[in-house]
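For reference, TrEMBL has these:
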- 6-152: domain 'Lactate/malate dehydrogenase N-terminal' (DOMAIN)
- Asp42, Asn105, Val129, Gly130, Asn131: NAD(+) binding site (BINDING)
- Arg92, Arg98, Asn131, Arg162: substrate binding site (BINDING)
- 156-330: domain 'Lactate/malate dehydrogenase C-terminal' (DOMAIN)
- His187: active site, proton acceptor (ACT_SITE)
Amino acid sequence: MGHGPRLLVTGAAGQIAYSLLYSIAKGDVFGKDQPIILLLLDISPMLPVLDGVVMELQDCALPLLKEVVPTDKEEVAFKDLDAAILVGSMPRKEGMERKDLLKANVSIFKSQGAALDKYAKKTVKVLVVGNPANTNCLIAAKSAPSIPKENFSCLTRLDHNRAASQVAMRVGVPTDNVKNVIIWGNHSSTQYPDVHHAKVTVSGTEMDVFDAVKDDEWLKGDFISTVQQRGGAVIKARKLSSAMSAAKAICDHMRDIWFGTPEGHFVSMGVYSNGKPYSVPDDLIYSFPVVIKDKAWKIVTGLQINDFSREKMDATATELVEERDTAVSFLGA
């Protein structure tokens, strides 16, 4: 089997990583028989904490974990990578303007994009989690010109899972009875959780979500706002942002890239828009429904978009264009 993939996790001393690393190291992403090498990057002041995380990984006594390398150096962290999960970002501080947040993150993801370009394999698959994830992902991709833009994606699987779970609870079925929900656009409160193309299996019969839920007002109102605002609701309740559920979504996303999506199923991820798919402007990282085969994604085509959906898809695109333009103006700086 060889030594298996070299995987980087950034922000490795943080709380999402703490929920994520065990799942990866026990085989939830790359397979139960695939040894892996984990590279863990964080900023210098976090190195003592990172050493504690390494101790715990050692103490898990996991047979697949061949090597763990904690570091604060990009040239070590990004070397010969097969996959990178970029969790670390500048969090929004109280009273911070969105513009200042963008500026701080542009410098982080410009640097990490350049490091990917210089040190990683050209086939590396890069998943950006740190917020604002779509725009951070775009900046990283633009800063790594020798790596195909298709190799970059951002996490909207958490929103996707939230949407599927809301529908399943409402109908009273297990979550895996719900398929093909879509998250369109930005991983922000403008995202559009769309169930017009989703199916739910009730007592052995597959039906449209609108027919199964039988409450259009909820599906076009509270359902959407619940999914859009869910991250904030978790912070309000826990005083910490979603970590367990974010880690699970990261595993789902990377596993689907590695092994593909099941026949007849599609998933949501933020990917590079090119050729105006669904009239979405080019040169954005925008969340679309995708199918994945041989580690390559394709946007699902031919879905009918009604006026209700169109308006919401356009609104989140408008926000992304604005974010992109602000971020790109900092790139040259």
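Any Cβ shown, glycine's included, is placed from N, Cα and C.
In TrEMBL, annotation is done automatically, which means it is predicted and not curated.
Sequence-distant neighbours of Asn131 (NAD(+) binding site) (same chain, six or more apart, CB under 8 Å from its CB) are Ser89, Pro91, Arg92, Asn105, His187, listed in sequence order. In the domain 'Lactate/malate dehydrogenase N-terminal' (6-152), helix, strand and coil residues by DSSP number 66 helix, 27 strand, 54 coil. Taking CA atoms as the reference points, Asp42 (NAD(+) binding site) and Arg98 (substrate binding site) are 23 Å apart. In this structure the alpha carbons, written CA, of Arg98 (substrate binding site) and Val129 (NAD(+) binding site) are 17 Å apart. Largest Cα-to-Cα span within the NAD(+)-binding set Asp42, Asn105, Val129, Gly130, Asn131: 16 Å. Cβ neighbours of Gly130 (NAD(+) binding site) (same chain, under 8 Å, six or more residues apart in sequence): Thr10, Gly11, Leu86, Val87, Gly88, Ser89, Met90, Asn105, Ile108, Phe109, Asn136. The Cβ of Arg162 (substrate binding site) lies under 8 Å from the Cβ of Pro193, Thr226, Val227, Arg230, Ser245, each of which sits 6+ residues away along the same chain. Of all the recorded positions listed here (Arg92, Arg98, His187), the one with the fewest other CB atoms within 10 A of its own CB is Arg98. Counting only same-chain residues six or more apart in sequence, the Cβ atoms lying under 8 angstroms from the Cβ of Val129 (NAD(+) binding site) belong to Ile16, Ile85, Leu86, Val87, Ser89, Cys154, Leu155, Ala246, Ile250. Residue annotation for substrate gives Arg92, Arg98, Asn131, Arg162. The furthest Cα pair among them is separated by 25 Å.
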